[in-house]
């Protein structure tokens with residue numbers, strides 16, 4: 001008896017011959033039954049399962065045990081006629097209930113004292129239809145439904161009496177008066193802001209000449225500046241010319257603006273370059289290094305004399 005559940009799990013027989021089919025609609029109840037051929041042996045246990053490997057129930061006489069979430073409310077079991085027939089009723093069919101159901105009989109001979117168990121199984125296919133007409137009936141009858149076609153042609157419409165008039169409007173020419181804007185820039189040498197200063201203030205008026213740019217050729221022009229110094233002793237005007245190219249030279253150019261004489265005094269304006277700062281830094285570093293060298297030499301001489309003096313005192 002302990003080996004019967006193991007034998008049930010090893011059931012995998014598949015028949016090539018077609019088996020009965022039952023077709024029902026969704027919501028109906030389906031009753032599936034099977035009869036055993038061996039009526040002489042004693043039925044030990046009967047079983048129902050759904051392929052591929054879903055066990056529904058195991059029954060021994062009036063005792064029924066359900067598996068895989070199946071309940072008696074969904075599937076009822078009956079075995080009339082002294083276990084010659086086993087029947088199940090599936091209630092309220094759904095699409096998931098469709099499939100192949102297998103009933104099995106486990107039998108033993110009442111005259112045989114051995115533990116030999118005979119086995120029989122039968123399959124039934126349950127088809128659940130979603131429409132009122134059975135799918136099996138459609139396949140067996142060979143009927144096909146083709147869309148209806150209409151051979152009627154629409155009435156011919158005579159368009160000879162119809163005319164369409166299209167009015168095409170010709171737009172008037174659009175005149176776009178474009179004003180010619182001319183920008184005139186007048187440079188006069190007389191436009192000089194004069195600062196009357198008896199205090200010695202100076203006014204610088206620069207009148208740059210136009211720079212011509214044609215076909216990516218840049219022409220660098222000179223800038224003429226006038227420096228006017230007004231003092232109580234007189235007015236001195238100095239003209240200086242600066243080339244734009246000189247603005248990019250930071251090492252080799254050492255320009256000095258000519259001195260301006262005001263009332264007998266001379267003032268010199270110098271432009272310091274990077275080179276000048278480098279020279280100053282070099283001279284300063286040289287002085288510091290010289291001072292360090294002198295300090296080291298002095299310390300060495302003093303230390304040597306101190307050691308010599310200590311040695312003489314010990315002796």
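Our numbering is plain: 1 for the first residue shown, then up by one each step along the chain.
Note: Cβ is positioned from N, Cα and C throughout, glycine not excepted.
Listed in Swiss-Prot for this protein:
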type	residues	note
DOMAIN	17-121	domain 'Ig-like V-type'
CARBOHYD	37	N-linked glycosylation site
CARBOHYD	69	N-linked glycosylation site
CARBOHYD	112	N-linked glycosylation site
CARBOHYD	161	N-linked glycosylation site
CARBOHYD	254	N-linked glycosylation site
REGION	191-213	region 'Disordered'
TOPO_DOM	17-279	topological domain 'Virion surface'
TRANSMEM	280-303	transmembrane segment
Counts of helix, strand and coil residues, the domain 'Ig-like V-type' (17-121), according to DSSP: 7 helix, 55 strand, 43 coil
Cβ neighbour count within 10 Å of residue 37 (N-linked glycosylation site): 7
Whole-number Å value for how far residue 37 (N-linked glycosylation site) lies from residue 69 (N-linked glycosylation site) (Cα to Cα): 31
Neighbour count (Cβ, 10 Å) for residue 69 (N-linked glycosylation site): 7
Model confidence over the domain 'Ig-like V-type' (17-121) (mean pLDDT, whole number): 87
